[in-house]
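Asks: Okay, here's the structure, questions in a sec.
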Ligand SMILES: N[C@H](CCC[C@H](N)C(=O)O)C(=O)O
């Protein structure tokens with residue numbers, strides 16, 4: 001178990017899944033959540049804090065191995081984060097000496113397991129298909145982006161707007177991502193995906209995340225994209241998604257959308273009193 005070193009400041013871990021990076025704080029046994037929006041923003045600052053795409057806080061949960069909350073680097077909350085769920089599952093499985101765990105997130109109970117090849121897999125639950133493609137396509141059509149049939153809006157416990165394009169590399173990710181994220185069609189903002197088909201059941205995927213900007217990988221975004229691709233008949237229900245930071249695998253089964261990929265633990269540290277004062 002991580003040494004939380006109460007006397008030397010609150011302990012944390014830095015982890016990543018295919019370059020989607022996280023600060024993980026284990027608040028089990030501390031009587032509740034410690035993280036606030038102010039602390040998340042302060043720690044999330046890549047120059048003045050630690051830096052992360054998401055912060056994941058582990059809490060005690062009766063009837064499960066833990067509860068898990070997610071924060072973006074701008075201090076907003078997220079209802080789901082597939083890669084952080086996989087990273088925390090890896091940490092818990094090592095801590096508990098098991099190869100399966102159950103975590104409770106805002107979206108419900110999620111089951112994770114270590115595969116024989118070492119990748120960590122989590123069942124992200126059933127997708128929610130938020131809008132039909134057509135009205136959204138009409139509403140979002142612009143001159144700058146060929147919509148090629150219009151985007152798909154898919155919920156994985158958080159919102160995703162998935163565009164299929166000929167060449168994901170050619171998209172102005174920062175420009176288009178920021179404008180779609182804050183489009184009035186999405187009252188809670190949205191994560192934004194640009195995907196192109198590069199082979200049978202293989203997609204190239206670039207993601208602009210709500211509250212975090214461009215990330216090297218996004219687990220729930222990979223799930224949402226694979227679901228949208230399968231519904232359009234572009235792929236089957238088992239898809240490899242090639243992201244800037246590595247490959248994620250998605251398998252959309254009757255019991256939910258399984259997400260698999262690598263996890264890495266980078267370092268542990270303790271927060272200074274000055275950082276804790278932000279909480
Ligand atoms: N990186 C995460 C998703 C974070 C989503 C967050 N940016 C939101 O506001 O929904 C993942 O692996 O699923």
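The backbone N, Cα and C atoms fix where each Cβ goes, glycine too.
What TrEMBL lists as active site is 81. Here TrEMBL flags 81 as active site, proton donor. What TrEMBL records for 218 is active site, proton acceptor. Look at TrEMBL and you will find 20, 54, 72, 82, 83, 158, 191, 209, 210, 219, 220 tagged as substrate binding site.
Map these features onto the structure and tell me what's around them.
Replies: Taking the Cβ of residue 81 (active site) as reference, residues of its chain lying under 8 Å away and at least six apart in sequence are, in sequence order, 22, 54, 56, 70, 158, 219, 220. According to DSSP, residue 81 (active site) is assigned to coil rather than to any helix or strand.
A 10 Å cutoff on Cβ-Cβ distances gives residue 218 (active site, proton acceptor) a total of 34 other Cβ atoms nearby, all chains included.
Annotation note: residue 191 (substrate binding site) sits in a strand segment as assigned by DSSP.
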Asks: Which of 72, 83, 191, 220 has the fewest nearby Cβ atoms, counting only those within 10 Å, among these binding-site residues?
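Replies: Candidates: the binding-site residues 72, 83, 191, 220. Fewest Cβ atoms within 10 Å: 72.
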Asks: Using the centroid of the Cβ atoms of 20, 54, 72, 82, 83, 158, 191, 209, 210, 219, 220 as reference, list every other same-chain residue with Cβ within 8 Å of it (recorded substrate site), in sequence order.
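Replies: The answer, listed by sequence position, is 53, 70, 78, 80, 81, 84, 207, 212, 215, 218, 221.
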Asks: Do any of 20, 72, 83, 210 (binding-site residues) have a CA within 10 A of residue 218 (active site, proton acceptor), and if so which?
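Replies: Those close enough are 20, 83.
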